[in-house]
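S.K.: Please read through the structure below; I'll follow up with questions.
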Amino acid sequence: MAQDTDSRLSQEGQQIAVDAMLERANLELQSNRFTEAQKTLQAAMEIASDSAIHLRTQVVEANFFIYTGQLDEAQKNVDRLKSQIPLTSDFYIDLLLIQADIHIRKKEYLLADEILKTINIALTKSQDSTNALKARYLSANLNLSTANYTEALEIYKDIIPKLREQSLFYFESKATFNLAETHFEKGDYDSANEVVEQAVSKASSYGFTGILLSCYYLKSSVEKGLGNYEQALLFLEKYQQLKDSQSNDTNSLATSSASIDKVGELKKELLAKDQLIADQDTKLKGRGMQNILFFVLLTLMSLLTMSLFKNNKLRAKSNQTLEGKNSALMDERDRAQDAAKIKADFLSTITHELRTPMYAVTGLTHLLLETEPRHDQREHLETLQSSGEYLLSLIDNILDFNKLEANKVELEQIPFDLKKRVEDITTSLTNQAKDQGNSLSLEFDSRIPSRIKGDPVKMSQILINLVGNAIKFTKNGNVWIRVDQVKQVEDRCLIHFEVEDNGKGISEEKQQDIFNNFTQEGSSTTREYGGTGLGLAIVKNLVSLMGSQIVLDSKIGRGSIFSFDLWFELPDTNKFYEDKNLKIYETETEEEYPEYKKPVRSPKTQKEDKTASIEKTEKIEPVTAEENKAPQNQEDAAKKETQETSEGKNNDVIGLKKATPIELISKKILIVEDNKINQMITRKILEGKNFDCDIANNGIEALGKIKENTYDLVLMDIHMPGMDGKQCTREVRKFDRELPIIALTAVTLDESEKEFYEIGFDDIIPKPFKMDEFFEKIQKAFTNYQIY
């Protein structure tokens, strides 16, 4: 029995020895000391007679083959180990990580992606944070190898500090080098230079020679890209010197695998240590050793008790200090929230109250222009009208900004035609571009599906602000709108949007500031070009709300490129059929979007309505007050896009026929408004178009008149004493679901279009309004809908 003990190591002794050797072998591999690593690994394999311990040595051996570029040998190890390691073992995840690394190095990217997905599933059942970080590191490497630089940058920046916390210094150094390489591949030489210097520092301090070698080569390429040719040559020489010093170790690697001289010595040393431990165990059985141990234990217990007492005292004091600081921070947070709410309420109230006098200004200006004034009077009135419209666009921007800051903006998910919407935006801004002497071009990827699901209004607002901004700061140049499909995965697609101009450009130090609220490049910019500096801030917030970020690439004198990527879902019905002039679209049912459902007149009502005399087989095109007139600026275009969307979700399949003047003469409209000036202006505008008008001063009076009289349309104000417009509309819908009701009001922060449609309004006209939009929506209320 004694001979058996001397001839073999205990399993515990094997475990300790092999663990120490494998850790040493890993460190030697990471430092490019391949000869020493191979010797240590061979020694560990000689000692490891237990099967479980031997499997660990084979896993490290597979890593050895990867580090030395022997990928086929590494693959053989992996294939052999798959049948030996259970799927539930932690070694199996290690094995999958090695397999993914091999596929990435062999450029088998699809296989690597599948393995990483399997690893992520396995990690959900494991608490191994180290393997989770290694899996994310390999995912970043895969994105770098497939030129998905944005995703790679995000992952590297996230995991580098976490790798350091887990003491995974090799992976920290390697991830830092890969981050620098990603910046370099993107052409961002300044960022690459900053990060590669960090990588050099880490690789040098940790002694990772292989990483340091790669860093020197990358540093030489970066300096060359920056035009620093002397520095580039210097680091190239450092690279060559280090490479030459490593070649000796690499050459000796081939000859060292045949003989391991120190294996026997290590065995003898371990046996001697085991014997020493056995002798000490025998001595500890003696009485004197027990007394010593008792004394040591008593001393340790006393020290531990004192330490716990002091720690508890310090912890109590720290907790008391933290509670005081937390209380102060909570008070500051509450004060900041109160201040933000007061500001939001103030802006909401001010913008709402400004709309009432603005309605009087624009309305009276319109009425005066209708009286055929003298030429000099018309010139003054048109100037007044233009100033009113500019002030209105300013109010709209402030209201949008206020909604974004108060988190009152909600995204819709509805099907829409992206190509048609972008083409409409391009058309609407063409005249504005011509006024600046610019050429506006659209490049649209034909691979993009005909219909996608998203928020068309917010998309229009983003593009109009970006294109309008490019046009404003470009003279006698070019503006390009580019929409490209990046990739399509099952029922989702990633689309890249880009707006480029060759205008004056933006200085590097101002590129971050221009996305701040009320900020422009400089005071001279505000004086020369005007504007509030809210457009780009709104764009940034909307893009962020959609789960992306705006990217700016600009140089003085070269122009600017604003770009962002968005994911869109694809609707189930994404088909259309064309047969000459006949078009049938598969669209979602009205039940999916009840808040946008248009009430349909009953057969009896349609018979009484003189507009119902249209033949159902006739193809009817929508007619506007000024059909081909382009918006004056991007704010007008955005408002027009919003109006088109709010008029219904199925404009592609619904045609509108404009009522003739003879048909409109007999229409009776009830104006529900508490402000006397607004009553007078609205009434005169409508009577000028031969409408018959009636007035109600509040919701209660309107409810009585609707019950007693017959009206063709109700223009309903919202904020009124007694019964407001919303409650009045709810009451009307209890007994009359067919009477068209249009909300004529100044929209506030707490109100949304969706809420109006759910209550029972047919449409919304914000005050103050433009006359062509006002009469378009009134005409729409008298229009018979037909499917063609």
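Every residue, even glycine, has its Cβ placed from backbone N, Cα and C.
Since we're looking at a predicted model, the values are computed, not measured.
Not my notes, these are from TrEMBL:
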- 292-309: transmembrane segment (TRANSMEM)
- 349-570: domain 'Histidine kinase' (DOMAIN)
- 589-651: region 'Disordered' (REGION)
- 668-782: domain 'Response regulatory' (DOMAIN)
- D717: 4-aspartylphosphate (MOD_RES)
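Context for these features, please: burial, neighbours, distances.
M.R.: Across the domain 'Histidine kinase' (349-570), the prediction's mean pLDDT works out to 82.
Residues within less than 8 Å, Cβ to Cβ, of D717 (4-aspartylphosphate) and separated from it by at least 6 positions along the same chain comprise V672, E673, D674, N675, N678, G725, L744, T745. A coil conformation is recorded for D717 (4-aspartylphosphate) in the three-state DSSP classification, outside any helix or strand.
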